[in-house]
Amino acid sequence: MQPMRRRHRGFPLLCLSAALLVAAAILPGTAVAEGVTPSEARRLRDEVKDMFYHAFDGYMKYAFPLDELRPLSCQGEDSLGGYALTLIDSLDTLALLGDKEKFGAAVEWVGKNVRFDINKTVSVFETNIRILGGLLSAHLIASDYATGMRVQSYDDQLLHLAADLAQRLLPAFDTPTGIPFGSVNLKYGVDENESKITSTAGGGTLTLEFGILSRLTNNTVFERVTKNSVRGIWSRRSKLNLVGAHINVFTGEWTQKDAGIGTSIDSFYEYLLKAYLLFGDEEYLYIFQEAYKAAMHYLYHDPWYVEVNMNSGATVWPLFNSLQAFWPGLQVLAGDVDPAIRTHAAFFSVWKKYGFTPEGFNLATSTVQNGQRSYPLRPELIESTYWLFKATRDYRYIDIGRDILTSLQYGARCPCGYCHISDVETHKQDDHMESFFLAETVKYLWLLFDLAAGPDNIVENGPYKYIFSTEGHLLPVTPEIALVDEHCSYFGAFCNGGADHGYGTSASSTHQKANYTQFNDIQASSSLYSVSNMFTTRGYLKGVCPGLTHAQKLGMSYSDEESNVIEQTSESHEHHSESAVESRVEAQSSNIILISHPVASQHDEVLESKSGSGDHADIAVTADSDSMSHDNAGGSLGANTEEPTEDTTPTSKQTDEEIAPNFQSKEDIS
């Protein structure tokens, strides 16, 4: 979730997982599978709800309005900016649980008391995903009668706070590469001594929150700076289409060239796909396709993932780190379910071995990595468990959820909340509880059991489809958010037919209700679309320029790393005002050529990308419209997954030999 935080040639059609069609075909309210009844699932769901309130009430009693709770000593601490971080991060979880009273009171308090005009230097990444995302999600819930959680006294206070906060983050983007500094002072901007090194996740995990803010405020600068940051990272990828872990935001030089799917990189991949699903922007889809293919080719050693040198592809670190556990859930969204099932089983085998997942597990020695022995209540494995259950309705994932719940209750519960585990072998507790425990860990666990019980929440039964941010915040695929100046989201998101209409126009608001019926109707038939149909629904890229590759059409051709190094010293850097940031963004944007392409040529490229995968069959999945009403967040459904050659059903117990393949230790790797 956070930045400091084999071969597989088949590649699925990317929009939403075709496996979700299977999930939707199971009628809610019936027994989920053998031994798991709705009543038992409800009991587990209620236990998770009690878990949430034990931690939330402990925070409100002993720590509020400080940022986070110290659950062993029953005290509070400021960890980010000193503005009630845990409360803001928990707002949409309160709404998800249907707690109108506490949600309304919390929204009102935040609107009246939180201010960002403070002399605090904060992480751009953490502030974006926890605070900005929390404010936007709560605003979209509190301001909309359709959610059932409309706060009567609410008058867009959280949206105004979000816009003010994002404005204070903008100076971080004033760099030659467009990739932001890792930290910024909310009152004075970027300090002259601020490090010029940031993580790939730190620069690439901003698009969802900033993009939504642009649509809600009609201020396009937020979306443009974050898109330029993604372009700045991707344009400096290696010839293998891999990105490293850390980069210099001034020179564009990679300072850590280890490529992986975990620490420092993880949510870069996540936001590429989710930005496409939320906004319908094909550029994000294209980058994700290329990045995902490279990851599966160079990083995947079925069922594990390793870190490799981004330029050579040579394995440098055979390590499972706990942040990798989000990957199977992302694969479900991408439609690549078979490898997700196998990888999730491998990751859970580590949990079963220790009762928790350590931050690092050495695949060469089958032992906990020294210095990475802790479990800080991370949600990633639970998140993937939820998505795999949603895709398969296989009862084993309820069993896994029950095991995880048991571990948390017996190992992490402490007097005023839930404690970090400082050592997964001794289960020693640490006096800390990060806000994401309430924003994500408990949320995904509750959603898992609620889905098994027969879902009754705004995610499954609400008026919109939701994309989860990397912090677990609920981001609705509404017509207003899906609408971009000159194009619409796939399959019926509202489009008023004029390029002169900007974000959040009155036309969008006026027609939203009537159009959303159309959106659902078109979604319901989207499973019948083939690969080629995917590319017949848009025309927002202007002009025609046959003969160029897709990468060239999007202005993302490969250039050697050396050519990207900018000769500019830190002494010559001057801090600019907000207008200077916007001017730089305009200049960077004008260098990107956006031109359209014939539908046939793009389809041919898709087919060419599959031509090397003769040992992988294309699997077509269809379903009737009724069976997918709650499992498609907008887009055509399909999958091109590898057909399993053996039984991939994970067992409840695995030996150390099953956990660890025959990897060399790092010392043996040249």
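Positions of Cβ are set from backbone N, Cα and C atoms, glycine also.
Counting every protein chain shown, the Cβ of Glu126 (active site, proton donor) has 24 other Cβ atoms within 10 Å. Summarising the annotation, TrEMBL assigns active site, proton donor to Glu126 (among others).
Look at TrEMBL and you will find Asp266 (among others) tagged as active site.
Its Cβ placed at the centre, Glu359 (active site, proton donor) has 23 other Cβ atoms within 10 Å. Per TrEMBL, the feature active site, proton donor maps to Glu359 (among others).
What TrEMBL lists as active site is Glu380 (among others).
Feature annotation from TrEMBL assigns Ca(2+) binding site to Thr470.
Per TrEMBL, the feature compositional bias 'Basic and acidic residues' maps to 570-585 (among others).
The feature compositional bias 'Basic and acidic residues' is assigned by TrEMBL to 603-618 (among others).
What TrEMBL lists as region 'Disordered' is 559-585 (among others).
Look at TrEMBL and you will find 603-670 (among others) tagged as region 'Disordered'.
If you look up TrEMBL, you'll see 1-33 marked as signal peptide.
In this structure, the C-alpha atom of Glu380 (active site) lies 12 angstrom from that of Glu359 (active site, proton donor). A simple Cβ count within 10 Å picks out one of the active-site residues Asp266, Glu380 as the most packed, and that one is Asp266. Comparing CA positions across the recorded positions Glu126, Glu359, Thr470, the one lying closest to Asp266 (active site) turns out to be Thr470. The distance from the Cα of Thr470 (Ca(2+) binding site) to the Cα of Glu126 (active site, proton donor) comes to 10 Å. Thr470 (Ca(2+) binding site): 28 other CB atoms within 10 A of its CB, across all protein chains. Of the recorded residues, Glu359 (active site, proton donor) and Glu126 (active site, proton donor) place their C-alpha atoms 19 Å from one another.
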